[in-house]
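The feature domain 'NLE' is assigned by TrEMBL to B:22-81. What TrEMBL records for B:116-157, B:158-199, B:201-247, B:248-279, B:361-393, B:403-444, B:445-479 is repeat 'WD'.
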Amino acid sequence: MPQHDYIELHQKRFGKRLDTEERARKKAARQPHELAEKAQNLKGLKAKMFNKERFKEKALMKKQMLAHEEKDIEVNVEDVKDGAVPTYLLDREQQQQSKVLTNMLKQKRQEKAGKWDVPIAKVKQMSEGEMFQVIESGKRKQKSWKRRINKVCFVPETFTRKPPKFERYIRPTGLRFKKANVTHPELQNYFQLAFIGCQEKSIICLIYYTWFLEVNVSELGLVTQTGKVIWSKYAQVTNNPELDGCINATLLV
Amino acid sequence: MDQTKKKIKTNTITLLPPDTRVFVTLFNPYGEEAQKSLELSVNTTKEELQQILQSLVKTEEDQVYTFFHNNIELVDTLNQLIASDPEYKLENTFSLTYHPQSLFRIQPITRQTAALEGHEQPVLCVQFRTHGDVLATGSGDTTIRLWDMLTETPIATLKGHRNWVLCLAWSPDCKYIASGSHDGQVCIWDVETNQLKGQPLIGHTKWVTSIAWQPMHLDEECTLVASSSKDGSVRIWSRTSLSCLISINAHQKAITKMLWGGQGYIYTASEDTTIGVWNKSGKRVQELKGHGHWVNSIALHTDYTLRCACFSEGNIEINRKQAKVLYDKMLSGKNERLVSASDDQTLMLWEYTSSKPKVRMTGHQQQVNHVQFSPDGRYIVSASFDKSLRIWDGYNGNWIATLRGHVGSVYQVSWSSDSRYMLSASKDSTLKLWSLQKKKLAFDLPGHADEVYAVDWAPIGGEKAGSGGKDRRVKIWRH
């Protein structure tokens, strides 16, 4: 290391050597070879220190190279975003509505992929003991022909009770529901939809975990390919409504 | 007046005896008196009234007229029409309004003839060339495609935009297309060579919301085109020099729609609830204030006339002189009527001379998205997010009918060129054809797999209609 600037002083007074440029160039050309030799042959503490320096240098170099490359990249057409909307919808936040899902091809493709596999067990068969609670009646509580329904049930609007003395099945009013919280599997939206009935058109319409409901979907505005408006769809129950106090279901699309 | 009149009962209608004479006042479509008390026999037919009108008012020889009393049409004789009005007394004058009738009838659209594939992203705008032989569609995949309507096959793909093509407009002579995109660029395409003219025109800082050419009768060479943008400015570009002539900082907020009217004024509807009226040198002529929320769409009663300026039925050649003649006839000495539709669920009828609206039309229950005058300027139809369309009188804004049937928001609406049918495109993926005379649904046109964003009915020749939507298909419909 030169102490003070005697080298520069000499160069000012007498000029540089005639071959300074060439010597400097050749020296610079030797640098990578010397560095490589060091990197390969150093050992011990010196090696550790050298490697640390080298690592930092390399990181810097990489950043610079990337920066240079960025200048060369042309603007791709692929940078265009998806979800093109016309001008009148641009400034509006549109609620994601359920699309027309009866497109045959789309359905088939997705059925194969199992995208709509809902993690519910298959339909359970309920035993009578689970569904009904025996109610004893009579002066000595010996008659046991009455049953109280334990599960949530659906009563149609035209339903009228039989005279209490003769009715076999008691439907508690607390367990009568008209609306269900239905999730759309694709959109993860909840809708509160009135339901129309059960899958089986029986006298007693019970609703329990894994059973099927028919729900009124007219407010979703779904239309088939042929132009008919869809007003009812099936949904499968996903909770225990008699324990929770509400019915949660997923729409079967 | 013979007081001892005998009423002859025919079914349930009470007709006056054939020798009675009534006083009739004729009104022109604007509601002004054309001719005061005319004494006519009750058995006057439509043809006789036509002849009387032709002798009184200066009309063209082959223009047919229809006569109305309280919006009920005169079908057989004057007697029938009088019978339909229970409040009429013989002492009063009977008012008859005449309206010019279009000579041709367009067949209603009933079926789909083609589903054109090609676009890779939703189709955002659709417009027929005035003669209905070429359809231009702009899409989110940054291209504009031209489709030949005779064979229903693609002609060309116009590439040049770098972002979604939001709006496009054919020039009045249909030799050029101007289009605007989501990055604020405007491109002018030469249709004869299907090439971009020069470079995309840069200037707007945000997306282009609408494009309008200067009407042909103001400039026969169609050199000027204006574009409006979300950044609140209107730029007027020259097609020949491919540069921006003027940039008008029209509004502080976005301009949703812009029209270049036939009287030379540019109307800009903005999200700042006002409509600006500008002349092409950039000076503001009027500010139309009245709406309470964003103004979504505007329409002029001369829209159709300006679009078909130099073309006519059955003649492919351009007749540039004809544009002025047709326009003056449509205007008939008055000012252009402008109707605006807003997010405040009302429509308003304006003339540029006053900053206050002439009529305020209420009735919709949600934002009104699109509004169109009928080609003859008699009716206005408005499409709203409340799933209904409403028909209003084009002269005084009176509500005529509500058309229900859609199950999703109605996005756009288009008229047939004889003003008898309307085609509406909706979020529920269907198009519906509505009859004006019956004021109800004529045909249901399902077929799209997703929301329909744009619809257009060919102006001259009116055989085909085209629609495009989120399902990336362009569908062609006809009778």
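Any Cβ shown, glycine's included, is placed from N, Cα and C.
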- Message: Suppose I define contact as three or more CB-CB distances under 8 A, residues 6 or more apart in sequence; do the repeat 'WD' (B:116-157) and the repeat 'WD' (B:403-444) meet it?
- Response: no
- Here the mean pLDDT of the repeat 'WD' (B:403-444) is 92
- Other same-chain positions with a Cβ less than 8 Å from the repeat 'WD' (B:361-393) and lying at least 6 residues past its termini are 29, 99-100, 102, 293, 296-305, 330, 337, 339-343, 345-349, 399-404, 406-419, 422, 424, 426, 434, 436, 439, 459
- Task: Run through the repeat 'WD' (B:116-157) and tell me, per DSSP, how many residues are helix, strand and coil.
- Result: 0 helix, 24 strand, 18 coil
- Same-chain residues at least 6 beyond the ends of the repeat 'WD' (B:403-444) with a Cβ under 8 Å from one of its Cβ atoms are 102, 104-106, 108-110, 304, 308, 366, 369-370, 372, 374-376, 378-379, 381-391, 450-460, 462, 465, 467, 469, 471, 477
- Going by DSSP, how much of the domain 'NLE' (B:22-81) is helix, how much is strand and how much is coil, in residues? 15 helix, 25 strand, 20 coil
- Per DSSP, what is the residue tally for the repeat 'WD' (B:445-479) in helix, strand and coil? 0 helix, 17 strand, 18 coil
- Structural state census, the repeat 'WD' (B:361-393) (DSSP three-state): 0 helix, 19 strand, 14 coil
- Query: Helix, strand, coil residue numbers for the repeat 'WD' (B:403-444) per DSSP?
  - Reply: 0 helix, 24 strand, 18 coil
- The correct DSSP tally for the repeat 'WD' (B:158-199) reads 0 helix, 21 strand, 21 coil
- Message: DSSP on the repeat 'WD' (B:248-279): how many residues come out helix, how many strand, how many coil?
- Response: 0 helix, 19 strand, 13 coil
